[in-house]
Each structure stands twice: as C-alpha cells, then as structure tokens.
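Remarks on the structure that follows.
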Amino acid sequence: MDQRTSLQSKWQPSSQGVVWKKRLAMPREQLQVLNALDTAKTQLYHFTAIVIAGMGFFTDAYDLFAISLVTKLLGRIYYHREGALKPGTLPPGVNSSVTAVALVGTLAGQLFFGWLGDKMGRKKVYGMTLAVMVICSLASGLSFGRERRSVMAGLCFFRFWLGFGIGGDYPLSATIMSEYANKKTRGAFIAAVFAMQGFGILASGIVALVVSAAFDHAFSAPSYATNALLSTPVQADYVWRIILMFGAIPAAMTYYWRMKMPETARYTALVAKNAKQAASDMARVLQVDIEAEEQKVETITQDKRNSFGLFSKAFLRRHGLHLLGTTSTWFLLDIAFYSQNLFQKDVFTAIGWIPPAAKMNAIGEVFRVARAQTLIALCSTVPGYWFTVAFIDIIGRFAIQLMGFFFMTVFMFALAIPYHHWTLHDNRIGFIIMYSLTFFFANFGPNATTFVVPAEIFPARLRSTCHGISAAAGKAGAIVGAYGFLYASQSSDPKKTDAGYPPGIGIKNSLIVLGVINFLGMLFTFLVPEPNGKSLEELSGENEEDDEVQQTTSNRTVPV
C-alpha cells in the first residue's frame, strides 16, 4: 500500500447510527534536520562513523572467534595426562564454558545496553561498552594463579564481561549508523560497520599465525607422538594469552573518537526532545544551516501514536510481526553460523586438512588451525560481507537474506548427504570449497541483513532496545550452536569421541540439522519488511498524521 495513503481507518458511533469516519495516515512534513540527514550526499563524516563504529565490530569478532584458535592449546597445557595416547583436551563442561561464556555475556549486554541506549542516549552508553571491552580483553590473558582451575575460572569470568561489553556494541553501532546515514545508502553504511567483523575474524587468524610461528621457531618442540611432555613447551602458555589480549588494541584506538561523536539527531530530537541541540549538532556535522523547528518537534513527540511502549498493544499491532521476524531469523542464522565457526577445526581434522593431534606439537597445532581459519575468512567470509555492502541498496535486504538462507541450505545438504564422498582424499579440496561457500552466502546473506534491518524498522525511542532484543535472540542461537554442536558433532562411535564426550550424531548428521535450520530461516524471512529506499520515520510510522477524508452515515451497528 502506498505510504501516502495508508494505514488507519476509524469508525465512530453517533445518535444517527454509525458515522463512518475514515482517517488516512498521511506523512507530515519531515523535520528539516532529519531531511538533511536523509538527503545528504556521502561525505567524510559517513566514512568516519563507519570506521569508528566498525572498529568496535572488528574487536567484537576478534575476541569472539580468537578463542576457537586456542582451546586445543589450553587442553594440552592444563589437561595433559601422563601416558595418554592423545594430547590433553578441555573436558566437555570446561570447553563449552570457555567457548560460549562470552556469548552468554554478549546476550546479556545486548539486552541491557540496548535498553540503556534508548534511555540515556547512544553516545553516553557507547563509551561504556568500549571501556568494558578494552579492560576485559586485556584481563582475559591474565590469571589469578597457575592452577588450571584458577586459570579457567579467571578466563571464563573476564570473557563473560568481555562479552557483556561486546553485546552493547551491537545495538548501539547499528542504531548510530542508521541514524547518521542518508536513506539512499543507509543499508551499505550499516552493512559496512558489520563487515568489519570479517576483518576481525581474519585478524584473529593472522595474529595467531604470527605469534604461533614466532614461538614455534624460537622454542622448537617435537610432536606429541615423539615426546608427549616436550611437545608442549613452557612458553606455550604465553601464546594463548598474547592472542587474546591483542583484541584490546583496536578498541582502545577508537575510544577518543567515539567520545567526540555528537549524539544522533534522531535521538536528540525525537527522544530527548531537544530541537535546538539536534539542529546545532547536525549543522556542524553537515556544514549547512538547519532550522531548529521546536514547535514541529513538540507536535511529533506529543502525538499519542508516538508514545506507545514496547509491551503495549499498539506496539504489538504495528511491530509485533516485525520483531518476531527479526528475532527468529537471527536466532536460526546464528545457530548455523556460530556452530560452523566454532567446530570448523573439527571439520578440518575430519577431512584430513589438519593432521591428527599426536603428529603435531602444541604450538604447531595452533598454527595449523589458524591457517585453516584464515584461508576460510580470506576466501569466503570477508568477500561475503563486502558483496552485501555493494548490493544491499540495489537488490534490497529481503532478497539478499532469502537468497543467503537458500544457498546455505543447499550447500549444507550438498555437504552432508554425500559426506563420506567428501572425506576421501581426492575430494577434500571440493569439500573446502563447498564449506567456504556456506560462509560466503551466510555473509552475503542473513548474517549481514539480520544486523541491518532491526536498526531501520522500529521507532527511535525503541530502536536500540528492539535491535538489542533481536541480537540477543541471535546470541541465544549462537549458544545453542556453540554448546549443542560441541556435543552433537562427536562421532557416534564411542571409541572415536574426544576425551570426556559422550557419543554424538556425527558431523554428517550435524550438517543435515544445520541445513534444516537454514531452511526454517528462509521461511521466517517473509515476516521481515523491506526498508530499502525509505526514511526511518516512514518505516516506523513516526511521521504520520491523520487526515480526515471521508464521512458517511449508516444505520449499521457493525462495520462490514
């Protein structure tokens, strides 16, 4: 339905019967400050905002994915068993906690900071999240003692709070970028912020490669099969600490610039109701003269239709299905996406791309796992993100998300059904290509669009909160993937499982389950609206006013 002739019809009784008053929701004239943002040409401040917000996501991805590179090393260092045929591994409970505790913290942070961003303002909360990330990233590499229990407890404690800070970056970065962007290229700008995640994943692999190569060269060690004790040199304990702590550097570099960013005009005008400040801030940013329009701001903010809360019937009626769509698709996507990332080292081992653990030393194993992850990121993950940036404002969010889920489903089933075929030596390269394509279409698909859309379709006063809820649903899916698939991907043969794990359904059946999950994501995509080319106020309905256009009288008591 045309935005200009939509959406509300009201019917009111009178003594003469039912007076049929049809009111059409007409868009009122946009605030000058918001129109200036919507129509602004791409300028330096857009790219500055992308870099400032994007470096947070660089750190987010680095910290969340770096842990998968060092879990096997932690097992060798702290859970070595004398005389064992295989190197030590983290017990299932410890492995699950170390891997997924940051995801639990992220979920909590998304809900808390998302809500706080709508209450206190985007800018004030933005600095808090970054400070938490820097402190806890550094602390992740420290320990309360040398005993394995204290090391694991300290690692889990600080990674939870690291995740808490990372969680706040999701709704705030997306909301800030959406509220700064023009409507023509808004999707590309928000997607570019999220695309920095790809560079973060790539950087975690590169840092792990450099650190492990340097230590392996300096402290050469035999393989585990040759000498179990000497295969893990004492200096290996520094490797995982350096890799984890490095994540603090890019976040710390952007702190000053985050504090210099002005509050977004949409928050200042529509939520804080300060028309003068909004006009002043954006006049300085855009370098144009902007009228404050205090009376118009007062009219918009006092409209009862712009005051409903998250748990109101009005929100349920206008945005209930939208929120269901954004939460369900992000939840389903992250089950598949995070489980793929977190157990990809097991996939590479199963197809022979990484040698058996006993044939490597501890630091060499880090190098091999990091090399595999870096190649996947370089060839599929990073290009997928930037394909989305290039095409999101051309073909739209809906098409990209639907296409991504579709091809993820196809490639998952193509990997799973003839799984034995792919494990044969001659077919391993084909497996890697197919596996890489699932990552490509995750990122040129729902991994990017599920981040972009919730920042566009909800009202300014609830935008950060709703994005936080959507993102938290995604992290709930990531927790299912991280915890569940650590167990599910174990071999169904008890003799072939990792130490301490019960038999699972195997990698083949795990991939089939992920294929079904991706198919469900494709179905739920139909609940998500297409925001392409529309202003944020058009999408949220904040800029509508009633215009009475028709009145008729009837003796009917019920409208038909």
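Please read every residue number as a count from 1 along the shown chain.
A Cβ is built for glycine as well, from the same backbone N, Cα and C atoms used for every other residue.
Keep in mind that TrEMBL annotations are predicted by a computer and have not been checked by a curator.
Residues annotated as compositional bias 'Acidic residues' in TrEMBL: 539-549. Per TrEMBL, compositional bias 'Polar residues' is recorded for 550-560. Per TrEMBL, domain 'Major facilitator superfamily (MFS) profile' is recorded for 49-533. Annotated transmembrane segment per TrEMBL: 44-74, 94-113, 125-144, 188-215, 238-257, 375-392, 398-417, 429-448, 468-488, 509-528, in sequence order.
Within the same chain, the transmembrane segment (375-392) packs against the transmembrane segment (429-448): three or more Cβ pairs sit under 8 Å, each pair at least 6 residues apart.
For the transmembrane segment (238-257), the most Cβ-contacting stretch among 125-144, 429-448, 468-488 is 125-144 (pairs under 8 Å). Between the transmembrane segment (94-113) and the transmembrane segment (429-448), the number of CB pairs under 8 angstroms, six or more residues apart, is fewer than three, so the stretches are not in contact.
Per-residue pLDDT, averaged over the domain 'Major facilitator superfamily (MFS) profile' (49-533), rounds to 87.
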